[in-house]
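For reference, the structure is listed below as C-alpha cells.
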Amino acid sequence: MADQLKAELWTSSSNEALKLFIADSEGAVSFPPVFTYPIFGDSETIYGYQGLEILLCFNHYTFRPFLNIRYDKKLEMPNVEDPKSKLLTLLSKQTVFKDEVKWVDEVKNEIANYQIPGQLVDDFEQDNESYEIYKLDLTSDSGLELHQRLQILVLLFIEAGSYIDSNDPLWNVYVLYKVSPNEKNPRSIIGFTTIYQYWKYPGAKAFDEGLRETRLKISQFIILPPYQGKGLGQLFYSRLFGNWLKNEEIVEIVVEDPNEQFDDMRDRADLSFLNKQLDLNLINTKLTPGWIELTRKKFKLEKRQFARLLEMILLYKLKHNTGSDSVKDVRLFIKRRLFEKNIEALSPLEEADRRDKLHTAYQSLTEDYYRILDGVRLRMKRSLTDDNDDVNDDTNDESASLEKSKKVRLNKQ
C-alpha cells in the first residue's frame with residue numbers, strides 16, 4: 001500500500017513507453033516519437049503502470065495500424081489513465097488491438113488487391129532507388145482511410161501539429177513511396193505532406209476574364225525517421241515544387257509555421273533550384289525592385305523567401321570571391337531589408353541604438369546564412385579581381401543609406 005502512494009513508482013514517460021514500428025514481410029524497424037503531449041498531456045507522462053510499453057505498428061505499404069499495450073503492474077484505482085482509449089480515438093477505426101495474428105491476416109488480405117488511392121504525379125531515382133509521389137484522392141473512402149492512418153504522425157512529430165479537415169476539398173495530401181523490385185514488399189511509405197489551396201483574387205479585370213489563381217500553403221511535412229538523413233525530404237519538396245511550377249493557376253507557394261529543420265531543407269532546395277534557373281553571376285546588390293518582383297513571381301516564391309535566397313547568394317559570392325560587390329555593399333543590401341521589415345520598432349530609437357540593434361540582427365542573420373550555406377555548392381565563375389577589401393564599417397555612410405531607405409518607405413506609406 002505504501003508503494004501505491006509513491007507516484008514516481010507508477011509514472012511512466014509517454015515518450016519512452018510509446019514505441020513505433022514500420023513492418024514489412026522481412027521484419028520491423030522501430031523508432032521513438034518526438035512528442036506525445038497532444039495525446040497524454042503537457043507533462044508527457046502516464047500514471048498508474050509499472051513496466052508500461054505501448055506498441056504501435058504500421059504496415060509499410062498500406063499503413064494499417066496495430067496497437068498493443070503491455071505492463072508489469074497496474075494500479076486498480078479510478079484515476080488511472082487508459083492509454084488504449086486515448087490512442088484509439090486518434091487512430092483509424094480499422095486499427096487492430098492486441099490480436100497480432102488477426103492484424104497480419106488482415107494486412108495480407110488487403111495487400112493482395114491493394115491499389116494506392118490516388119494519382120501518380122511524379123517519380124524519380126536517388127542512390128539507385130526508385131521513388132513515386134502520389135496525390136491522394138480524398139473524395140474516395142480508401143483515400144480518406146489512408147490519410148486517417150497517416151495523420152497520427154502529425155501529432156507525434158510536428159510540434160503543435162493538429163489534424164486537418166480532410167472533408168474540406170481545398171486540402172491535398174501527397175505521399176512519397178519507395179518502389180522495390182521485391183514482390184512481397186512492392187512499395188513502402190516514406191513520408192507525406194498536406195497542402196492547402198487558397199483562392200487568390202487576381203484583380204477585377206482578370207476576374208471578369210475568368211482567370212483563376214491559387215496560392216499553395218505547405219502545412220505539414222513528414223519524412224519517417226528510418227528514412228531521414230538521405231536527402232529524400234529535399235527531393236520530395238523539390239519534385240512537388242517543380243510540378244506546381246508547371247501549373248499556371250498556382251501563383252505562389254508558401255509554408256505555414258516551418259520549424260528550423262524544414263526551413264533549412266527548403267532553403268537548400270530553393271538555392272539548388274535557382275542555381276539551375278538563373279545565371280547567379282548576374283545576382284548583385286544593384287538588382288532593381290522590378291527585376292526582383294518579376295523573378296519572384298516567375299518562380300512562385302513568397303517575398304521573404306526570395307529575399308533570403310538572394311541574400312544567401314550574395315554572401316556565397318563574397319565567400320568564394322565570385323562577384324563585384326564589396327562586403328559593405330552586401331551588408332547594406334541585407335540591412336536595408338532588415339530595417340524596412342522592423343521600421344516601426346527601430347524608428348523611435350536614437351540613431352546609435354538603432355545602428356547597434358540593426359547590426360546585431362545582421363550578424364545573427366548572416367551567421368545563420370553561413371550555417372545553411374555550409375556544404376552548398378553553387379555554379380559560379382570566379383572573379384578576376386578582388387573587390388571585397390572593404391571589411392570595416394563606414395558608420396556615417398551606412399547610417400545615411402539606411403536613413404534614405406527609411407524616408408522612401410515612409411513616403412510610400
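Each position is counted from 1, following the chain as shown.
Backbone N, Cα and C atoms are what each Cβ position is placed from, and that goes for glycine too.
Features of the protein shown, as given by TrEMBL:
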- Glu256: active site, proton donor/acceptor (ACT_SITE)
- Phe221, Ile222, Ile223, Asn259, Arg268: acetyl-CoA binding site (BINDING)
- 386-397: compositional bias 'Acidic residues' (COMPBIAS)
- 10-159: domain 'Histone acetyl transferase HAT1 N-terminal' (DOMAIN)
- 187-260: domain 'N-acetyltransferase' (DOMAIN)
- 385-413: region 'Disordered' (REGION)
- Trp171: site 'Interaction with histone H4 N-terminus' (SITE)
Cα-Cα distance linking Trp171 (site 'Interaction with histone H4 N-terminus') and Ile222 (acetyl-CoA binding site), given in Å to the nearest integer: 16
Number of helical, extended and coil residues in the domain 'Histone acetyl transferase HAT1 N-terminal' (10-159), per DSSP: 44 helix, 54 strand, 52 coil
Number of helical, extended and coil residues in the domain 'N-acetyltransferase' (187-260), per DSSP: 23 helix, 31 strand, 20 coil
Between Glu256 (active site, proton donor/acceptor) and Ile223 (acetyl-CoA binding site): CA-CA distance (Å): 17
Max pairwise CA distance, angstrom, over record-listed acetyl-CoA binders Phe221, Ile222, Ile223, Asn259, Arg268: 17
Position of peak Cβ density within 10 Å, selected from the recorded positions Trp171, Phe221: Phe221
From Phe221, Glu256, Asn259, Arg268: recorded positions whose CA lies within 10 A of Trp171 (site 'Interaction with histone H4 N-terminus'): none
